[in-house]
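According to Swiss-Prot:
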REGION    1-22  region 'Framework-1'
REGION    23-35  region 'Complementarity-determining-1'
REGION    36-50  region 'Framework-2'
REGION    51-57  region 'Complementarity-determining-2'
REGION    58-93  region 'Framework-3'
REGION    94-103  region 'Complementarity-determining-3'
REGION    104-113  region 'Framework-4'
Amino acid sequence: IVMTQTPSSKSVPVGDTVTINCQAAQSVYSNNRLSWFQQKPGQPPKGLIYYASTLASGVQQDPSRFKGSGSGTQFTLTISDVQCBBAATVYYCQGYKSSDTRAFGGGTEVVVKG
């Protein structure tokens, strides 16, 4: 499975909204086996959203700011009310087709202006 993630970088002012798109070359398992991961500078990636839209437990930032949506081959992560703390954070999608067929998107870096 091949995951195409866009954009590779997004520059937004504080308080704005970021939309990240992820497209699978073929439908993921059960149409919803798509995860989003969040990687802050100097840290390993952490699970943010599972099953396309289910927020992971223990998300430290305001969980209401993160929303996952989509099904089949098209998925979206929306981050609202971007904060300074979001700067240089990279988000990755991961599609799951089977136990030995899963892949990450190329990542999207959030650049915060101001």
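Residue numbering: from 1, along the chain as shown.
Every residue gets a Cβ built from N, Cα and C, even glycine.
Beyond the ends of the region 'Framework-4' (104-113), by six or more residues, the same chain brings 3-14, 18, 20, 22, 37, 39, 79, 82-84, 86-95 to within a C-beta distance below 8 angstroms of the stretch. Highest Cβ pair count under 8 Å relative to the region 'Complementarity-determining-1' (23-35), across stretches 51-57, 58-93, 94-103: 58-93. On the 0 to 100 pLDDT scale, the model's mean across the region 'Framework-3' (58-93) is 92. In terms of DSSP secondary structure, the region 'Framework-4' (104-113) contains 0 helix, 7 strand, 3 coil.
Across the range of the region 'Framework-3' (58-93), the DSSP-based residue counts are 6 helix, 17 strand, 13 coil.
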